[in-house]
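Notes follow the structure.
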Amino acid sequence: MNIDKVIQFTYYFAILIISVTLNTFACYVVVFKEKNKDFSQMFIFSISVSSLIQAVFEYIPQLSQSFSKSFVKNKAVCHASGFLLCWFVVNNISHMTVISLIRAVAIKFPIFYFNYLKCNTFRIVLLCYCYLFGFIWMVLPLIGWSKYELDLDEKRCSLDWKLTKSDSLSYIVSVLIFCYFVPGAFISFALQLGSRATVKRKSFEHHRRQSQSSLLDSNLFKICLVSGIIFFFLWTPYAVFGSLALLKVKLPKVLVTIAAKVGELSTLSNVVVNCCINKSFKNHMCKIPLFHWCLTFRPIRSKVNFVTELRNCKEQKIT
């Protein structure tokens with residue numbers, strides 16, 4: 001392998017290991033360490049599982065490119081990897097959209113939320129919907145509406161951005177509308193609604209509203225919302241370049257490659273947000289010797305923050 005292939009292999013291998021490790025850790029924390037399995041934690045677990053599978057089918061074909069370019073060009077491999085990758089990307093988007101809408105309902109109609117939306121049956125129905133929504137949209141190219149094709153830079157399989165099939169334009173436009181722009185609008189709406197509710201709670205210190213808000217799992221809802229925003233931010237350059245390709249705009253392959261690499265980092269967005277913001281995740285990470293070692297040897301840091309974080313980690317290890 002030449003130096004470019006070595007760098008490419010090292011990059012994708014490192015991202016694969018980090019993504020698999022962190023998402024597995026997130027699943028472990030939710031299943032074995034969290035005592036209260038609430039609504040949002042179930043979605044965090046499901047998103048972590050989805051991101052884990054997405055990482056496997058996203059990075060392994062890329063790793064194989066370092067040894068053989070013909071691997072991804074195989075029709076069966078292309079169709080399978082393109083389908084699975086796109087399915088779990090849309091699946092993650094569906095999860096974040098649903099959790100955002102549920103948060104909006106919890107803010108506007110708390111009684112309805114407590115009475116109906118927190119039951120296990122409804123949780124299972126919503127999770128099934130998320131997986132089924134992505135599956136239905138992404139199976140359509142396999143049964144005749146459009147097809148999976150090599151990407152614009154010919155380094156992975158994706159949607160038919162080159163419009164090699166006559167009905168690919170209608171399919172891709174439909175996917176962009178219903179699987180990207182509409183979910184993005186819902187998440188933006190939930191963000192605005194949450195911001196307004198926060199302002200109202202600060203302005204009107206009413207005991208009843210305070211007691212209700214404490215039960216709305218607001219912190220975990222916010223974490224899911226932040227994850228969704230970052231997820232969309234990472235995939236936006238790729239969606240923009242794909243849309244330009246539909247308009248017959250010629251793009252340098254290197255820009256498409258960079259945009260795709262940025263989007264591929266979305267497998268880390270949910271778990272990194274949880275590890276940085278979610279206090280429960282941070283507490284469990286402090287108990288891991290490797291993380292504790294990395295914390296003590298971080299080279300650039302504020303001395304006050306270093307002492308504070310180190311003391312917190314020691315307290316967590318004692319408890």
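Placement of Cβ uses the backbone N, Cα and C atoms for every residue, glycine included.
TrEMBL entries are annotated by machine, without manual review.
For the ranges 255-277, 278-300, the feature annotated in TrEMBL as transmembrane segment maps to 255-277. Ranked by Cβ pairs under 8 Å to the transmembrane segment (255-277), the stretches 12-31, 43-60, 124-145 are led by 12-31. Residues 42-43, 46, 79, 82-83, 86-91, 93-95, 98, 102, 159-160, 167, 170-171, 175, 178-179 of the same chain lie 6+ residues outside the transmembrane segment (124-145) yet bring a C-beta within less than 8 angstroms of a C-beta in it.
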